[in-house]
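J.: This is the feature table in TrEMBL:
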ACT_SITE  Asp313  active site, proton acceptor
BINDING   Lys21, Gly92, Arg120, Gln167, Arg344, Arg387  phosphoenolpyruvate binding site
BINDING   Lys21, Ser22, Arg26, Ser165, Gln167, Asp313, Lys340  3-phosphoshikimate binding site
DOMAIN    8-420  domain 'Enolpyruvate transferase'
Amino acid sequence: MDLLLPPAKALRGRLRVPGDKSVTHRGLILLSLAEGEGRLLYPLKAGDTLSTLRAMQALGAEITEEGPHLRVRGRGLRLKEPEDVLDCQNAGTLMRLLAGLLSGQEGFFVLTGDASLRRRPMDRVALPLRAMGAQIDGREGGRYAPLALRGGGLRGISYTLPVPSAQVKSALLLAGLFADGVTEVVEPVPTRDHTERLFRHFGLPLETEGPRIRTWQTGPFPARDLVVPGDFSSAAFFLVAALITPDSEVRVEGVGLNPTRTGLLEVLKAMGAELEWEVLEGEEGEPVGTITARSSALKGVEVDEGLIPLMVDEVPVLAAAAAWAEGETFIPGLSELRVKESDRVRAIAHNLRALGVEVEEGPDWLRIKGGVRPGATPVVEPFHDHRIAMAFAVAGLPLGVRVREAEWATISYPGFFEDLKGLYAAG
Ligand code: S3P
């Protein structure tokens, strides 16, 4: 479905974005393992996390809707062997976390996904999980899904992440809950730490020492309610929209401000963005607060490569900001973006060119020369990727924009375009 957004003259207002995708996936998984009933409050109900809900139901958890919340009756560590394959659809996080979780379970499991997910590398979890004792096979020797997995009999290993990936870290920590001995993940570069925070929330074994994160076999643990904060990655679209649209001020409330997620704020600040944020609650679990963004005269910047893992999903919307900035923006460290829901380096370059922006694309970097060409309504090509659809809808907003296959946004944010239109200032 094509969607036409008229030119935004000004954006004003405040909003709450849907629940965090990463926390919702993990919350559903851990509550399914817990003993007794617990609620996931304000979870994300979107394509990716509904795939997790269905997978956990197929593995024997009882999950029911309660208004905006979900009630989960867990299995007390032992999941059920499902009768059919588990379809992760578009959700890479789900497939990698399940590979770890199911490596610790007795039984036979097959994981598959949509065409995009079946092209994404799975050897990054298959190799260390095999070293722990899991049997994992798949296309091209386990590089690609479908994956066939037989779990059980794991032993702990120490594993240094070859690429920064919270998904791989989390897969190994989940497997470690069922392994003999200690499982240690060493992350040379920090990545999002939701799994570690949730292990603490549920009282699961966890020890951290600098870049080393350790876990070991758990006994049964009781369910506990979990509040899901608003997703910073979803908020980011509205922040950049306000920065690049004249006469705008947008405030996002109840949003997660976990420092392992908010690298974008630092980069936008360095570009001259008028941005303010404040943590208001949740110091012990996930920090939550408010972010305000106002129209700003942005200038290009050289992004610090070390920040990329702390803003890995925000690079498309950073590119949207760079398109409207004065001067050049250089973004290094993008090799992981080649293997996301789409090849995001290529998708960003394509959509910037549709805006008349000059862009140079390297194997793992982008050089963007700020300057959008006024004139014809740009057309956004999402490449079957939710974040590309939303980031470039934002990039074209001051001009008016046509978004092809806009329904891709429903993977992480079903009401995105309605929320965006709700900010158009009257008059
Ligand atoms: C996620 C980790 C990141 C991120 C993804 C969600 C997670 O992926 O891009 O959207 O929830 O752990 P990588 O682990 O591949 O960096």
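In case you wondered, yes, glycine gets a Cβ from its N, Cα and C as well.
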J.: Please compute the mean pLDDT of the model over the domain 'Enolpyruvate transferase' (8-420).
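T.: Mean pLDDT, the domain 'Enolpyruvate transferase' (8-420): 97.
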J.: Including all protein chains shown, what's the count of other C-beta atoms within 10 A of the C-beta of Arg344 (phosphoenolpyruvate binding site)?
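T.: Within a 10 Å radius of the Cβ of Arg344 (phosphoenolpyruvate binding site) lie 25 other Cβ atoms.
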J.: Count the Cβ atoms, other than its own, that fall within 10 Å of the Cβ of Ser22 (3-phosphoshikimate binding site), considering every protein chain shown.
T.: 29
J.: Arg387 (phosphoenolpyruvate binding site): which of the binding-site residues Ser22, Arg26, Ser165 have a C-alpha within 10 angstroms of it?
T.: none
J.: Less than 6 Å between Cβ and the nearest atom of ligand 1 is the rule; apply it to the recorded positions Lys21, Arg26, Gln167, Asp313, Arg387.
T.: Gln167, Asp313
J.: What is the one among the binding-site residues Lys21, Lys340 whose Cβ has the most other Cβ atoms less than or equal to 10 Å away?
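T.: By the 10 Å Cβ neighbour count, Lys21 comes out on top.
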J.: Which one, from the binding-site residues Arg26, Arg120, Arg387, has the smallest tally of other C-beta atoms lying within 10 Å of its C-beta?
T.: Arg120
